[in-house]
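Below you'll find the structure, written out as C-alpha cells, and then a few comments.
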Amino acid sequence: MLPTTSVSSRSQGNGALSPRDAARHTAGAKRYKYLRRLFHFRQMDFEFALWQMLYLFTSPQRVYRNFHYRKQTKDQWARDDPAFLVLLSIWLCVSTVGFGFVLDMGFFETIKLLLWVVFIDCVGVGLLIATLMWFISNKYLVKQQNRDYDVEWGYAFDVHLNAFYPLLVILHFIQLFFINYVIISDSVIGYFVGNTLWLIAIGYYIYVTFLGYSALPFLKNTAILLYPFALLLLLYLISLACGWNFTKMLCSFYKYRVK
C-alpha cells in the first residue's frame with residue numbers, strides 16, 4: 001500500500017491531533033527545520049542529492065519513488081534536506097558564469113546576470129509556478145473521496161526544482177558549446193539547433209512536472225499536465241517556419257538587462 005497517511009489516521013480518539021503532533025506537522029515547523037539545516041552542511045546528504053540529479057536525467061520516476069518513502073518514514077512529501085537546493089544553486093552560479101563568458105560580458109555584467117538568473121529566473125519564477133500548481137492541484141485535482149489529503153506547497157516547489165534542473169543543464173550548459181559557432185548565426189541550422197534544445201528542455205520540464213504530481217496517489221486527471229506539449233510543439237514548428245531564434249533572443253535580452 002502506498003504511504004498516504006491522512007490527518008484522521010494521526011488523530012486522537014476525539015478526532016484531534018495531540019499538541020505535540022500538531023506542532024510537528026505544521027507548515028511553519030517543517031519550514032523552520034528545513035531552513036535550520038540549510039546552515040549545517042554536515043547534516044546534508046550531498047551524495048543522495050547528486051544521485052537525484054543523475055536520475056532526473058536517466059530515470060526521473062526513481063526520484064519520485066523516494067518521495068513516497070519519505071512520506072512513509074517522515075510523514076511529508078516535500079524534502080527535509082536542502083542539499084539538492086544547495087547543489088542546484090552551485091550549478092546555477094557556475095553555468096551562469098559560463099554563460100557570461102560565452103557572451104563576452106565583463107565582471108560586473110556577469111554579476112548582474114547571475115543575480116537576475118538566481119532571483120528572477122529560478123527563485124521568482126519558481127515561487128510563482130509552485131504557488132500556481134499548488135493552488136490548481138489542491139483546487140481541481142484532489143479526489144473527492146480524499147479531501148483529508150492536500151498537496152504541500154513545499155512539495156510543489158520541489159517538483160519545480162526537479163524539473164528546473166534538467167532545463168538548466170540543457171540551456172545553460174550544453175547549449176553554451178553551440179552558441180557562438182552555431183546557434184546565433186543567421187543560418188537555418190543555427191535556429192534549428194537552438195530551438196530544438198529549447199524544445200527538449202521545456203519538454204523535459206513539463207514531463208518531470210507531470211511525474212511529480214502523478215506520483216501523488218490522491219490526485220486525479222494529472223494527464224492534463226501533459227497538454228502543454230501540444231502548444232510547445234506547435235510553437236516550435238512556427239518558430240522554424242518563421243526563422244525565430246529563441247536563444248538569440250534570450251542572449252539579446254540578457255545583454256540588455258545587464259547594461
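Note that Cβ sites are derived from N, Cα and C of the backbone, with glycine treated the same way.
Predicted automatically and left uncurated, TrEMBL annotations should be read as such.
For 1-15, the entry in TrEMBL reads compositional bias 'Polar residues'. Residues or ranges marked as region 'Disordered' by TrEMBL: 1-24. For 83-102, 114-136, 163-184, 196-219, 225-247, the entry in TrEMBL reads transmembrane segment.
By the count of Cβ pairs under 8 Å, the stretch nearest in packing to the transmembrane segment (196-219) among 83-102, 114-136, 163-184, 225-247 is 163-184. Residues 175, 179, 183-184, 188, 190-192, 194-199, 202-203, 206-207, 209-210, 213-214 of the same chain lie 6 or more positions beyond the ends of the transmembrane segment (225-247) yet place their CB under 8 Å from a CB of it.
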